[in-house]
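Here the structure is laid out as structure tokens; the discussion comes afterwards.
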Amino acid sequence: EFILLGLSNTRELQVLFFTIFFLAYAMVLLGNLLIIVTVRTDPKLSSPMYFLLCNLSFLDICCTSVTVPRMLVDLLSQRKAIAFENCIAQLFFLHFSGASEMFLLTVMAYDRYAAICKPLHYTAIMNRRVCWVLVRACWAGGFLHSIVQTLLTIQLPFCGPNTINNYFCDVPPVIRLACTDIYVTEWLMVSNSGLISLFCFLLLVTSYMFILVTIRTRFTEGHWKALSTCASHVMVVTLFFIPCIFIYLRPFSTFPFDKHICVIYTVFSPVMNPLIYTLRNNEVKESMWKLWK
């Protein structure tokens, strides 16, 4: 088994963190479920953007549910132990949902690029069949990434230290507990997780650059509305990708503040998604109001 040190050993801070993260987890569940129900029940929200948003909300729920419930239990427990099998399962599902979300955010940026830069061909480029193919490809890519990370981890021997300076099992702190030289394994994992994060982020930045160039030459109301949607997308991307790139695109030497950075993409980014996509989108707000009535 492994011992998770969590975010703090101070009892008062543990109670404070429990309250904050319990409320955050409740917001993730309620906000993203509300988006899913709204998109599924309103025929007006049938465009590819809302179909992809619905899938993003589902992945946010999955990604947060892998880490936060365990963290909430540990914050109220004296001994924060996790069995090896449960640790590996947590690692697998975290990378599965996290990588799938990275790919999906990239697809959403492509959808915005097609809508703004290729408006006359948009219905042919992003029809429902293409959306299903892209979403399935995101899930398949996430599974492939995660299974590679998991197989590289379980083949390592663990026979010494078992203390993880984090609130969940992740690749960097876990493999450093192995009783063997991890140089090759470490760089294989960096090239897997880190380069995927960086590659997706660069694709996103490139798509936004094309969008900005298009907006500069077309000052129509529809294009400004699309730009507003992209602005909210940029906020989600920044919260999600920058911490991931910092954690995974470097040798797995752990710093004390790494676990606090992990909170950004495991808790705060999923909290922000429903707020950003509802408060900045009049169509979604109107549909939610109809659903409420």
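Cβ coordinates are placed from backbone N, Cα and C, and glycine is handled just like the others.
Residues annotated as domain 'G-protein coupled receptors family 1 profile' in TrEMBL: 31-277.
Among the features that TrEMBL reports, transmembrane segment is placed at 15-37 (among others).
Nonlocal intrachain contacts for the transmembrane segment (49-68), taken as residues 6+ away from its ends with a CB within less than 8 angstroms of a stretch CB, comprise 21, 24-25, 28-29, 31-33, 35-36, 39-40, 90, 93-94, 97-98, 100-101, 104-105, 107-108, 111-112, 115, 128, 131, 135, 138, 167-168, 229, 266-267, 269-270, 273-274, 277, 284. Positions annotated as transmembrane segment by TrEMBL: 49-68 (among others).
Taken from TrEMBL, the feature transmembrane segment covers 88-110 (among others). Within the same chain, residues 49, 52-53, 55-56, 59-60, 62-63, 66-67, 70, 82, 134-135, 137-139, 141-143, 145-147, 149-150, 153-154, 168-171, 174, 193, 196-197, 200, 203-204, 207-208, 233, 236-237, 240-241, 244, 265-266 sit at least 6 positions outside the transmembrane segment (88-110) and bring their C-beta atoms closer than 8 Å to a C-beta of that stretch.
Residues annotated as transmembrane segment in TrEMBL: 130-148 (among others).
Here the transmembrane segment (195-215) has long-range neighbours at 99, 102-103, 105-106, 109-110, 112-113, 116-117, 145, 223-224, 226-227, 230, 234, 237, 241-242, 244-245, 248-249, meaning same-chain residues at least 6 beyond its ends whose C-beta is under 8 angstroms from one of its own. Annotation source TrEMBL lists transmembrane segment at 195-215 (among others).
Long-range contacts of the transmembrane segment (227-249) within the same chain: residues 49, 98, 101-102, 105, 108-109, 112, 116, 170-172, 189-190, 193-195, 197-198, 200-201, 204, 208, 211, 215, 258, 261-262, 264-265, 268-269, 272-273, 276-277, 280-281, each at least 6 residues beyond the stretch ends and with a Cβ under 8 Å from a Cβ of the stretch. According to TrEMBL, the transmembrane segment annotation covers 227-249 (among others).
Same-chain residues lying 6 or more positions outside the transmembrane segment (130-148) and placing a CB less than 8 Å from one of its CB atoms are 48, 51-52, 55, 92-93, 95-104, 107, 192-193, 196. Here the domain 'G-protein coupled receptors family 1 profile' (31-277) has a mean pLDDT of 86 out of 100. Long-range contacts of the transmembrane segment (15-37) within its own chain (CB-CB distance under 8 A, at least 6 residues past either end) are made by residues 7-8, 53-54, 57-58, 60-61, 64, 68-69, 71-72, 75-76, 267-268, 270-271, 273-275, 277-278, 284, 288, 291.
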